[in-house]
Amino acid sequence: MIRLFVGLGNPGPEYEATRHNAGFWWTDALARRWNCQLQPDRSYHGLMARCTQRGTPVWLLQPMTYMNLSGKSVAALARFFKIEPAEILVVHDELDLLPGQMKLKQGGSAAGHNGLKDIQAQLGNPEFWRLRLGIGHPGVKAEVAAYVLRKPPSAEREAIEACIDRSLDAVDRMLGADMPAAMMQMHAKPPRPKPPRPVTAPGAPVPPTEPSA
């Protein structure tokens, strides 16, 4: 069962809408769905909400330490409430997935993500869960640092938001400790939108919906 949901990002209005803050967008969306309010908590170096789901307390956390020091916040809360690494989900932006794509996995390397590196170091254990939200790649490694700190175009932001909505539909499975089912649900391809119906000009004959006899 996931007891701690962590969204990664950078604090401050100048970063709020940037790609690197996709994890914050996710925890904000979950807080709205659960009608919980994230509040500053100095003890955990971030914004925290305690919510009750299935009769059990669970926590939402947004570290306010800047991305590279996220582990300080996560480890402080996890140790105080005796939350094991396998009961933690960390949501973060992912360059190697396109906007609208996501991947859920447990453990593994930080793959160059500084927030994950610090969490892994502070917990002393890599076996926490990660939800990777695709933001796309600029195509040139030298441009990555600037790319993640820019706002995505509206179409990309909409794709990321739609991906977040789909992932939230699987949270109940995480609360029920059914991570394989949550993974299958998140990794399923989203349904294709139906093509728009043809627009008929005024006065034009309406095409038949069925072949005439």
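Residue positions begin at 1 at the first shown residue.
Glycine residues also receive a Cβ, built from the backbone N, Cα and C atoms like all the rest.
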Candidates Tyr15, Tyr147, the one Swiss-Prot lists with Tyr66, Asn68, Asn114 as binding tRNA: Tyr15
Recorded positions listed as Asn10, Asn68, Asn114, least Cβ neighbours within 10 Å: Asn68
For the binding-site residues Tyr15, Tyr66, the one whose C-beta sees the most other C-beta atoms within 10 angstroms: Tyr15
Coarse DSSP state, helix versus strand versus coil, of Asn68 (tRNA binding site): helix
Recorded positions near His20 (active site, proton acceptor), in sequence order, restricted to Asn10, Tyr66, Asn68, Asp93 and a 10 Å Cα cut-off: Asn10, Asp93
TRNA site shell beyond Tyr15, Tyr66, Asn68, Asn114, criterion: Cβ within 8 Å of Cβ centroid: Asn10, His20, Thr65, Met67, Leu69, Ser70, Gly115
Most distant Cα pair in Å, residues Tyr15, Tyr66, Asn68, Asn114 binding tRNA: 16
